[in-house]
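These come from TrEMBL:
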COILED    A:465-496  coiled coil
DOMAIN    A:23-419  domain 'Cation/H+ exchanger transmembrane'
TRANSMEM  A:14-32  transmembrane segment
TRANSMEM  A:39-60  transmembrane segment
TRANSMEM  A:72-90  transmembrane segment
TRANSMEM  A:102-124  transmembrane segment
TRANSMEM  A:172-191  transmembrane segment
TRANSMEM  A:211-233  transmembrane segment
TRANSMEM  A:240-257  transmembrane segment
TRANSMEM  A:263-281  transmembrane segment
TRANSMEM  A:293-313  transmembrane segment
TRANSMEM  A:325-344  transmembrane segment
TRANSMEM  A:365-384  transmembrane segment
TRANSMEM  A:396-414  transmembrane segment
There are 2 protein chains.
Amino acid sequence: MIAAEGGTAVVDQLIVLLSVFLIASAVGTLVAKIGRFPYTIALLLAGLVVSIIVAVYDIGIVETLFVEELQLSHDLILLVLLPALLFEGAATTDLERLRRNLVPILTLAVPGLLVSVALLGFVGTYAFNFSLLVSLLFASMVLPTDPVSVLALFEELGAPDRLSVLVEGESLINDGVGVVVFSTLLALLVNGSTPASLLEPAKAAEVAAELVVVSLGGLVVGLVTGYAVYSVMVNLDEQMTEIVLTIVLAYGSFILAEHYLHVSGVIACVVAGLFIGNQGAEYAMSPRTKISVFNTWETAAFLVNTFIFIAIGVGTPIPQLVENWQLIVGGIVFVILARAAIVYPFTMLLNLRKHINIPLSYQHVMVWGGLHASIPIALVLGLQTEAPAGVPTAELKAMVFGIAAFSLVVQGLTMKKLLSRLGIVTRTQTEELYELLVGRARAVDAALDSAERLHASGDIPANVLDDFEAEYGREKEDLNEAISALLRDNPELRHEQLLMGERRVLQEEKSALMDATRSGVIASDVGERLMEEVDLKLDRVRSGESTARRDEEGYTESWRQQAAEFGLDADVRIDDDDREAQSGG
Amino acid sequence: MIAAEGGTAVVDQLIVLLSVFLIASAVGTLVAKIGRFPYTIALLLAGLVVSIIVAVYDIGIVETLFVEELQLSHDLILLVLLPALLFEGAATTDLERLRRNLVPILTLAVPGLLVSVALLGFVGTYAFNFSLLVSLLFASMVLPTDPVSVLALFEELGAPDRLSVLVEGESLINDGVGVVVFSTLLALLVNGSTPASLLEPAKAAEVAAELVVVSLGGLVVGLVTGYAVYSVMVNLDEQMTEIVLTIVLAYGSFILAEHYLHVSGVIACVVAGLFIGNQGAEYAMSPRTKISVFNTWETAAFLVNTFIFIAIGVGTPIPQLVENWQLIVGGIVFVILARAAIVYPFTMLLNLRKHINIPLSYQHVMVWGGLHASIPIALVLGLQTEAPAGVPTAELKAMVFGIAAFSLVVQGLTMKKLLSRLGIVTRTQTEELYELLVGRARAVDAALDSAERLHASGDIPANVLDDFEAEYGREKEDLNEAISALLRDNPELRHEQLLMGERRVLQEEKSALMDATRSGVIASDVGERLMEEVDLKLDRVRSGESTARRDEEGYTESWRQQAAEFGLDADVRIDDDDREAQSGG
């Protein structure tokens with residue numbers, strides 16, 4: 001890439017890259033014409049076609065150009081391509097929404113993944129006739145899920161937000177965990193450890209400790225590098241330099257963690273991305289910078305995905321797949337079963353906590369939407385050179401490529417049908433219009449705010465501001481009218497929006513109570529009691545009842561009761577609160 | 001880049017690239033703090049510092065990492081980096097303005113360059129003691145001019161448009177001509193032709209014919225590939241695929257011309273860029289696509305420039321420069337003289353045609369602004385391996401790097417002074433007064449804010465605050481009045497300020513929409529649709545139209561239409577033409 005490699009090397013690489021992008025533009029044009037066929041899957045199919053042509057016919061130039069030059073190496077995927085995808089994925093994830101679903105996401109991504117690796121590893125010794133360590137290695141390699149195609153589909157079809165967050169969050173985190181487990185197992189294999197040694201308490205504790213250190217280390221590196229870049233960006237308003245800084249952060253956090261500190265680079269990169277995409281976007285970027293930074297990463301991720309999916313297609317070793325078809329079919333079945341075996345029981349356990357409540361239809365989507373693509377392929381390619389003798393690398397490669405192709409093409413393409421059969425795609429025309437109106441209203445508010453700020457700082461003169469305000473003010477009024485009319489005509493939409501608003505208000509209430517309890521303003525038992533009430537309301541809201549109409553509420557807040565018991569004039573209702581406060585103060 | 005190269009190679013390259021970008025972000029942050037110091041020159045100086053450190057001290061790791069890994073090869077510059085810069089430069093050049101100045105640009109870039117090569121080649125045989133062919137080779141290598149830093153400076157200082165077009169147009173075209181001449185001369189050298197053979201009519205005619213064929217061939221390839229991509233893009237509205245198509249066009253036209261058809265890749269790439277950046281942007285891209293495509297190329301060109309300037313600095317062979325200082329000083333002087341010897345006489349001749357009229361002050365800038373950087377360095381690096389025995393490659397390398405460093409640092413940094421001494425920077429008195437007033441208004445605002453803060457924190461008593469407020473309040477009023485009066489009297493200034501304000505307001509709008517989409521308040525397809533509208537407005541603002549007056553606007557926001565279609569009985573106003581369209585459809 002940097003050093004000179006002789007004339008033809010650079011030219012050849014350029015020609016291959018150009019051919020890939022030429023195929024990609026043909027596929028992109030075709031997909032745009034046909035309509036809703038997933039772009040990534042179309043790329044993969046185009047790559048597979050090239051691979052089949054090479055396998056069946058013997059076209060020298062195609063083989064030389066594509067198959068030899070376009071080899072995805074372990075390093076290329078893991079060091080060059082993956083950080084871009086992980087960073088972009090994390091940076092565009094809303095931390096708040098992630099936090100709200102953190103318990104199910106972490107449960108599935110950490111203990112869930114570990115249990116499924118153990119299960120598939122154990123089953124694999126019988127099903128595939130692997131040794132236990134190899135079988136575990138295979139499981140840790142293949143089980144991390146990949147969000148790319150599923151998310152694109154979700155967006156296109158308008159799947160509910162929460163489902164997207166659950167799937168994307170789990171994928172982001174289990175990638176890191178999977179890589180850590182894989183590396184640990186590979187080290188054991190290379191050191192010639194026997195499967196039995198894993199069962200020794202001392203050895204098991206050592207392995208577990210290592211897992212924890214590597215994961216937490218990655219977390220710390222991500223936070224520290226993220227914060228360092230954040231503090232530079234806070235004092236800077238120069239979009240191009242800020243783009244460069246995010247590039248340095250994405251790859252720097254990864255390399256620093258993986259190469260120098262030997263902790264998890266994947267986790268470091270994801271954490272850094274989450275940090276800069278949320279905290280950073282909010283406090284350290286001007287709107288102009290934000291637009292440029294996110295556009296750049298969106299484009300980069302698109303180009304990387306384009307390359308990766310075609311390369312996976314081209315790199316799929318068709319003859320080896322044909323040869324190992326039994327292993328591959330077995331692998332596909334057991335991987336899906338292993339995923340089902342954690343998704344259903346774990347969410348059942350999670351649903352015991354009332355406020356989590358992941359519906360069964362979501363669970364089906366989470367099982368079937370667990371695609372296995374770039375991470376498994378990167379890991380199995382790394383294995384080809386690193387694995388000690390006795391590891392059946394050829395079989396593993398065939399299995400991983402086969403499972404990846406199946407999950408991307410078959411699971412990916414049937415996702416749409418599954419979603420609509422389960423009745424999950426829920427957005428009505430009314431809701432779409434409502435979102436359109438609300439979105440525009442927000443934009444108008446931002447425009448008005450910014451015009452006022454620009455005027456206050458002397459950047460635009462008063463009469464220009466007047467023009468702006470008249471123009472946007474009129475639009476705002478019209479929007480508000482349209483929104484009111486829409487809500488008036490659609491009581492169920494109004495109800496839904498009311499519930500959503502109430503949920504947020506209640507969450508704020510709860511968070512204020514937590515702060516007050518933590519800082520000692522109120523005693524913890526009092527805090528608990530008050531929070532319990534809020535939880536009660538939250539629960540009602542979740543089950544679709546509004547708490548805003550007092551007369552339908554059917555219960556009295558505990559402070560009213562207690563005030564009455566105390567002999568205060570507890571007959572007071574809303575309007576009387578003020579008087580009470582006045583006479584009391 | 002694509003093929004596997006073993007673990008450490010990829011990691012090392014990544015680390016070097018990251019170090020380059022780390023230096024770049026430090027330089028970028030510093031430049032942003034200091035203010036008007038050219039970014040590219042700062043990068044070059046940073047690179048030179050690394051190079052000096054390596055030359056003076058013997059720091060093994062720095063040398064290994066930087067000097068060995070960061071070697072700019074001929075192929076890397078010419079095939080990978082240059083097409084991006086040329087394509088971006090061409091795509092952002094306005095064809096209409098270029099056409100209006102086509103005669104002087106072509107005159108200087110084609111016969112002008114050829115004459116100056118002949119002159120410097122002839123002089124060089126005496127001045128540098130080179131053979132005539134080597135001397136001509138040197139001249140053809142070093143004389144093409146580079147627009148990058150000069151243009152950045154022009155923009156920053158507000159130089160007149162026409163001067164920018166003249167300098168940029170000439171640079172874009174003479175790059176192509178220079179490379180063609182260089183390759184022809186190098187072929188003669190490799191074939192062992194004698195200088196005398198150049199004077200034989202048959203041989204001379206052959207060489208001239210070759211020059212014409214190669215140049216026209218490049219032109220045709222650029223037009224054909226540009227038109228091919230254009231006709232795909234006309235029928236497509238899919239921003240990401242269109243970005244991919246422009247990448248394929250930039251590199252594809254270059255490789256097709258240079259590698260397969262053996263005509264000028266530089267000319268092909270420039271022509272393709274001009275075509276797609278003008279015809280393509282106007283008829284084949286939606287506003288949203290246009291913004292994405294140009295943002296992507298702007299970012300790519302920025303990253304490439306960042307890399308190239310640091311790498312030139314690091315790659316400058318300090319010891320060889322010191323050794324050959326006499327040759328370098330001679331080279332610098334004769335290169336400037338050779339440039340002067342064509343700019344003054346040719347423009348004098350051109351000025352005989354009345355409508356051309358290039359003022360003398362522009363001519364000075366064109367002479368002094370002829371910087372020599374990436375093309376000369378790419379060519380001299382290629383020479384290191386390709387030149388036959390007897391060519392003094394070490395001396396040539398030292399001379400080219402020395403001339404490049406001098407022109408970038410000394411000519412680049414003194415440009416500002418030259419422009420203001422020649423009275424070329426066109427900021428009018430009105431603009432200066434406006435800036436003065438706005439600046440003072442900001443200071444007054446800051447003073448008022450701080451007085452209030454000091455009062456609030458108890459540092460100044462209320463009556464002192466009153467005094468302050470009265471005093472500053474009066475000044476503020478006067479300032480506002482003065483600004484209003486100034487804007488009233490200068491409608492074009494008002495228009496300009498309006499556009500600037502609008503651009504920022506629209507960016508805030510877009511950023512608010514991005515936030516709302518990310519946090520799930522609105523679905524991403526709805527967000528896309530709303531952002532598209534903002535992009536449409538941004539595009540209008542960029543082309544100089546205001547969007548603030550709705551009666552001039554002539555279109556309706558999509559939410560109005562959709563609300564009307566939905567049958568909302570809100571008072572949603574729709575422009576008449578839209579209503580017609582609606583009833584029609």
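From the backbone N, Cα and C atoms, a Cβ is placed for every residue, glycine too.
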Given pairs 6 or more apart, does the transmembrane segment (A:211-233) have at least three Cβ pairs under 8 Å with the transmembrane segment (A:263-281)?
yes
How about the transmembrane segment (A:240-257) with the transmembrane segment (A:72-90) - do they touch, taking at least 3 C-beta pairs under 8 Å (6 or more apart in sequence) as contact?
yes
Between the transmembrane segment (A:396-414) and the transmembrane segment (A:325-344), are there three or more CB pairs that fall under 8 A, provided the residues in each pair are separated by 6 or more in sequence?
yes
Stretch in A:39-60, A:72-90, A:172-191, A:263-281, A:293-313 most in contact with the transmembrane segment (A:396-414), if contact is a CB pair under 8 A:
A:39-60
In the same chain, who gets a Cβ under 8 Å from the transmembrane segment (A:39-60) while lying at least 6 residues past its ends?
23-24, 26-28, 30-31, 66-67, 148-149, 152, 305-306, 309-319, 405, 408-409, 412-413
What average pLDDT does the predicted model assign to the coiled coil (A:465-496)?
80
I'd like to know if the transmembrane segment (A:172-191) touches the transmembrane segment (A:365-384) in this structure, counting it as a touch only when three or more C-beta pairs sit under 8 Å and are separated by 6 or more positions.
yes
Please indicate, using numbers and ranges, the residues of the same chain that are 6 or more beyond the transmembrane segment (A:263-281) and have a C-beta under 8 Å from a C-beta there.
82-83, 86-96, 98, 172-173, 175-176, 179-180, 213-223, 225-227, 229-230, 233, 246, 249-250, 253-257, 290, 293-294
Six or more residues beyond either end and a Cβ under 8 Å away: which residues meet both conditions relative to the transmembrane segment (A:293-313)?
17, 20-21, 23-24, 40-41, 43-51, 70, 72, 77, 81, 84-85, 87-89, 91-92, 148, 239, 242-243, 246, 281, 285, 373-374, 377, 401, 404-405, 408
